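S.K.: I'd like to ask you about the structure that follows.
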Amino acid sequence: MKRSMYAGHVRKEHIGRTIVLKGWVSRRRDLGGLIFIDLRDREGVMQLVINPEDVSGDVMATAERLRSEYVIEVEGSVEARQQANDKLATGAVELKVSGLTILNTAKTTPFEIKDGVEVSDDTRLRYRYLDLRRPEMLESFKLRAKTTHVIRNYLDNLGFIDVETPMLTKSTPEGARDYLVPSRISQGHFYALPQSPQITKQLLMNAGFDRYYQIVKCFRDEDLRGDRQPEFTQVDLETSFLSEQEIQDIVEGMIAKVMKDTKGIEVKLPFPRMAYDDAMNHYGSDKPDTRFDMFLQDLTDLVKEIDFKVFSEAQAVKAIVVKGHADRYSRKDIDKLTEFAKQFGAKGLAWLKVADGAFTGPIAKFLTGVESKLTESLQLEHNDLVLFVADTLEVANNTLGALRTRIAKELDMIDMSQFNFLWVVDWPMFEWSEEEERYMSAHHPFTLPTAESAHELEGDLAKVRAVAYDIVLNGYELGGGSLRINQKDMQERMFRALGFTAEEANEQFGFLLEAMEYGFPPHGGLAIGLDRLVMLLAGKDNIREVIAFPKNNKASDPMTQAPSLVSEKQLEELQLQIEHHD
């Protein structure tokens with residue numbers, strides 16, 4: 001029989017109609033000779049009533065066989081419920097069953113199919129098809145579909161062209177590790193799965209496409225955390241002849257449209273802009289969460305002359321003030337914060353508490369001479385807790401930035417209903433890699449340096465600034481973009497600054513350098529992490545919750561057992577051998 005509608009769509013206006021529904025048995029209850037079934041489908045739950053006085057013996061026998069997650073087809077008439085259930089959208093009605101067919105049976109599931117069930121992440125991923133039956137999971141994917149629909153319509157209306165770029169590309173040395181794909185035809189050679197369509201979308205600008213977009217899969221072989229996956233989806237944009245501001249205006253309009261159409265929230269435009277240095281110095285992060293204060297304070301000069309070498313000899317001494325919560329943190333709690341601080345390179349964590357106008361704590365005795373200045377500078381009051389880090393400026397900023405976020409979560413200081421967008425601009429072009437012992441691109445090597453700092457490509461690389469911009473939401477980097485290099489000589493200078501020889505640059509990027517000899521227009525763009533955006537819209541804290549079949553923290557899939565061994569025959573065809581090292 002043809003399904004009349006979704007179970008979750010049945011309402012009062014359908015009373016008196018005979019309909020056919022199909023779905024899963026969510027729950028069965030036997031009460032006073034009647035059998036009650038909660039039928040679940042994609043759109044919700046509907047109560048079925050099976051009365052032995054109204055159905056044949058066969059139907060009743062079938063009903064008695066029903067168990068959770070059986071797939072069934074039912075026919076019956078919609079009636080008003082004697083006692084409405086306000087918790088259900090269908091709670092005013094029920095279906096009086098006249099016909100029932102079991103379409104498939106089900107084993108006892110490894111966990112109950114309902115929201116809020118306690119089950120391990122690996123079990124959820126092992127039985128992902130069951131996990132996805134839960135209503136909150138379905139809602140997340142409806143939200144994701146709505147988000148991509150809004151984005152496509154918005155960009156289509158602005159004249160952007162949706163173009164698919166290759167999945168098998170050339171491996172490049174910058175950035176994260178590539179996922180490599182061996183070529184059977186060109187043996188000994190490898191493709192790479194794209195970390196982004198960066199170069200190909202730039203080449204589309206050279207081709208005259210003017211405005212490109214793509215909702216595209218990307219791949220990075222990197223260590224995983226809550227907001228990262230080895231394969232992820234991004235909203236990729238590129239434009240020709242537009243300024244940094246014009247590109248940001250387009251992106252802001254897109255985000256505003258998504259927020260209005262998916263959440264019913266009007267966001268204020270334009271988004272605030274914050275310089276990279278200000279973000280690091282005041283928030284300790286290049287992706288600051290501006291929903292709460294607790295700013296980093298620089299005390300380096302104030303404590304320079306005190307008799308406490310940890311402070312007086314440090315490159316930087318910075319602090320955060322936890323207002324009015326000193327009594328919430330015992331010595332044991334502060335020890336935990338100290339261990340947390342060490343994860344970010346800090347040697348330790350100094351602290352003091354303010355009680356009735358006096359300082360208490362291990363370092364209080366060293367601060368006697370600057371107590372009044374410190375109180376005034378930090379605007380200290382009774383029951384304040386002050387946490388200090390004395391180290392390099394980078395370590396102090398990073399450590400206190402992480403502590404700031406951790407403490408705000410512990411103390412419920414964050415308004416979770418807020419969506420605070422901002423742009424982080426004025427980025428450094430390069431960042432120093434301790435591991436590589438060289439400067440590397442802060443974004444990528446195709447980013448345009450500012451006209452004022454480009455001369456430092458042959459001088460002090462720390463002084464080179466980029467025409468780059470990141471969009472940030474609630475402490476998460478949603479995406480990043482920049483104006484790109486379109487002149488061959490500038491691109492060659494960039495490669496030299498990164499340590500490429502002319503031969504290496506030509507081997508890796510010769511096709512791009514050649515393209516720059518054929519009228520490459522000024523261009524720029526941006527990419528936004530779709531998974532991360534939907535995660536935040538859905539109020540989740542892990543992008544696995546908005547990816548249908550994600551990997552676990554070991555980059556493996558407990559359901560399919562990927563990655564897996566392959567046969568010797570497959571390896572022979574590729575002329576590959578696996579060496580095992582103890």
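In case you wondered, yes, glycine gets a Cβ from its N, Cα and C as well.
I grabbed these lines from Swiss-Prot:
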type	residues	note
BINDING	E174, R220, H443, R484	L-aspartate binding site
BINDING	R220, D221, E222, Q229, E477, G529, L530, D531, R532	ATP binding site
REGION	198-201	region 'Aspartate'
S.K.: Using a 10 angstroms cut-off on Cβ to Cβ distances, just flag whichever of E477, R532 is the loneliest among these binding-site residues.
M.R.: E477
S.K.: Between E222 (ATP binding site) and H443 (L-aspartate binding site), how far is it from one CA atom to the other, in Å?
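M.R.: E222 (ATP binding site) to H443 (L-aspartate binding site), Cα-Cα distance: 16 Å.
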S.K.: Which residue counts does DSSP give the region 'Aspartate' (198-201) for helix, strand and coil?
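M.R.: When I sort the residues of the region 'Aspartate' (198-201) into the three classes, I find 4 helix, 0 strand, 0 coil.
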S.K.: Given the binding-site residues R220, E222, H443, L530, and counting only Cβ atoms in the protein chains shown, which has the most within 10 Å of its Cβ?
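M.R.: Within the set of binding-site residues, the most crowded position is L530.
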S.K.: Output, ordered by sequence, the same-chain residues six or more apart from R484 (L-aspartate binding site) with a CB under 8 Å from its CB, or 'none'.
M.R.: Q202, F446, T447, L448, H523, G524, G525
S.K.: Can you figure out which of E477, L530, R532 (the binding-site residues) comes closest in space to H443 (L-aspartate binding site), comparing Cα atoms?
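M.R.: Its closest listed neighbour, by Cα, is E477.
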S.K.: Going by DSSP, is L530 (ATP binding site) sitting in a helix, a strand, or coil?
M.R.: helix
S.K.: Could you tell me the mean pLDDT the prediction assigns to the region 'Aspartate' (198-201)?
M.R.: 97
S.K.: If H, G and I count as helix, E and B as strand, and all else as coil, what does DSSP give for H443 (L-aspartate binding site)?
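M.R.: Where H443 (L-aspartate binding site) sits, the three-state DSSP reduction gives coil.
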S.K.: Compute the C-alpha separation of E477 (ATP binding site) from R220 (L-aspartate binding site), stating it in Å without decimals.
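M.R.: Answer for this pair: 17 Å between alpha carbons.
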S.K.: Express the distance between the Cα positions of L530 (ATP binding site) and R220 (L-aspartate binding site) as a whole number of Å.
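M.R.: Just about 15 Å between their Cα atoms.
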S.K.: Under a three-state reduction of DSSP output, how is E477 (ATP binding site) classified: helix, strand, or coil?
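M.R.: In three-state terms, E477 (ATP binding site) counts as strand.
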S.K.: How many Å lie between the Cα of R532 (ATP binding site) and the Cα of R220 (L-aspartate binding site)?
M.R.: 15
